[in-house]
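The block underneath contains the structure these notes are about, expressed in structure tokens.
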Amino acid sequence: MADTQYILPNDIGVSSLDCREAFRLLSPTERLYAHHLSRAAWYGGLAVLLQTSPEAPYIYALLSRLFRAQDPDQLRQHALAEGLTEEEYQAFLVYAAGVYSNMGNYKSFGDTKFVPNLPKEKLEQVILGSEAAQQHPEEVRGLWQTCGELMFSLEPRLRHLGLGKEGITTYFSGNCTMEDAKLAQDFLDSQNLSAYNTRLFKEVDGEGKPHYEVRLASVLGSEPSLDSEMTSKLKSYEFRGSPFQVTRGDYAPILQKVVEQLEKAKVYAANGHQGQMLAQYIESFTQGSIEAHKRGSRFWIQDKGPIVESYIGFIESYRDPFGSRGEFEGFVAVVNKAMSAKFERLVASAEQLLKELPWPPAFEKDKFLTPDFTSLDVLTFAGSGIPAGINIPNYDDLRQTEGFKNVSLGNVLAVAYATQREKLTFLEEDDKDLYILWKGPSFDVQVGLHELLGHGSGKLFVQDEKGAFNFDQETVINPETGEQIQSWYRSGETWDSKFSTIASSYEECRAESVGLYLCLHPEVLEIFGFEGADAEDVIYVNWLNMVRAGLLALEFYTPEASNWRQAHMQARFVILRVLLEAGEGLVTITPTTGSDHFGRPGQAGLKLLSSSMSHHGWPFIYLFTFSIEVLKSTGDVAGGRALYEGYAAVTDTPPECFLTLRDTVLLRKESRKLIVQPNTRLEDSDVQLLEYEASAAGLIRSFSERFPEDGPELEEILTQLATADARFWKGPSEAPSGQA
């Protein structure tokens, strides 16, 4: 059997997303709008399979064929007859549910591969003897032959997503290195092209010279178009001695289905902002234009307080090893009015609270652009995973000058982050009950501050294409050096492109530290209804949760490559290191001792100083938040990397001995929950909500019923697209030549 870090356990937590009440309160028109947006999101989410691993589309197609022909209960009878045990069949169901939930065979949270926890030969018997194989023997056998070996393979390079020798990724062809990624980013910057909706493919000619294809995601390919904005970019270039070709048409048949559903949703738009937003999204996905998506995002920002909220596109860059290509994501949700009222009060106080942050006024936006901040009950979230909160759009220029929106996903928080006392690790016994009581309320506060005033604060110093600056070069002083500003963002540079591999984690860390610092403010706690001893408990548990998360983050560190696999977890470990460095017993980690009755190493004890610890800790989080913002604002990549990577380093230096502690963390880790989402079904002109049980089988059924009209067509589309590019990952276990 495989190492436990590469399997999903049979007893993995599975929860159903509850949005019944939110859906019930929608009008018939709002339900139709939500339904078609959901369909667009689910179709687009299939592109994530092509953004993850070479084998993911084939695994998805194989599983879909199996469970369309026999539901999990029917297939179970066949599997047991073939000699599988109940535990082995449950392991297969959990694996299948994991593939659907993560949109691929790598965990969305940690980027680690997971494999079926049963013998390959037994699974092969089940697949080749299944009803699907009886109906379509050549197709099923062909899919198995294509993906079976890779499904189980744990060769070193295939264990994690990464670039070059560090892992596998389909954002880049298999022979690309980090140097290729840097060269391509410089090329894109030189042409004012965004990397968000691109992939990079490298081919080497007979003379050993590399040729690069930058491929944009779009419905249109090489056919003529009236859209001069994009067609002028689709040509050959010479850049630093290397040929580049900009093409489009990536994921074309998938995006065609997205566009068709957005056209239908547009009919039911509640206002002009929504209609124009969808028109620009349609333009973006059709033409491959990020500028059109930006225009759509502007209309989205202006659509204040909608009943049905949504966002869709190539959004988050966490899984690109270079940090600038966006994974497809789409969500549809309904406003939770009670919690949203608290967030509205937080927004109303935002300008005053911004003054409490530890940087000078010149490092804050010239004008605070009051955003929407709502708590949403998610109806649909398509992509590789569901977050707790979101601050979007991610376009720096829009966030700086036009605004953004914040959303907290209330029904996700309710199920994904619930904690059972017996499963609580790395806490002193006398903290556990307090932690369980206040974790949810404290997380509401942290998410609110993280999204609104963490991601929503701070100014980037920029020089535009005409040479004009958005700050006064003569008067603005770098408060760390006492000198005038020496570095800034040039035209075409963005936060993601400039800070690249650390950008996502650095920004998450900045937002988390802002949340920790501002949660000490009595006005913030009063907004959420906490005063006196309750307020102190909320602060304590918020900080306790952050340092515990920093310890648990060690699961996502890879000692062999000395790198982190998850931006949020790296960010929380950095904060733990900052607070440990603060001294005074602010945070203590008791060394691992003894063993439990299973023979595992005894768990380390994590303890904060006291319920008043935050008052001891605030100077340290103040100084760290100050430094991390100043380095970001000025685009000081060298200084930012030195600070951040210093804290993110994992060593076995006493007293904490983090590498040793990591072994204990791995032995006691709890797998991230799988979340079952509902479907919407259009019957005549009425939209029905279809819900499923909270189990691996229930999650599989939700996907089996997700595409009732065109499931086989989608499987064919996915396998054809994967096969067309398969040559770029020939011998995927073989590391490319050149420095990684």
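Each residue, glycine too, has its Cβ placed from N, Cα and C.
Its Cβ placed at the centre, E451 (active site) has 26 other Cβ atoms within 10 Å. Among the features that TrEMBL reports, active site is placed at E451.
As annotated by TrEMBL, Zn(2+) binding site applies to H450, H455, E508. In sequence order, G389, A511, E512, V514, G515 are the residues of the chain that are 6 or more apart from H450 (Zn(2+) binding site) and have a CB within less than 8 Å of its CB.
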Residue pair E508 (Zn(2+) binding site), E451 (active site) - Cα distance, angstrom, rounded: 10
Cβ-centroid neighbours of Zn(2+) site H450, H455, E508, 8 Å, sequence order: N391, E451, G454, E507, R510, A511, E512, V514, G515
Neighbour count (Cβ, 10 Å) for E508 (Zn(2+) binding site): 22
H455 (Zn(2+) binding site): tally of other CB atoms within 10 A of its CB: 21
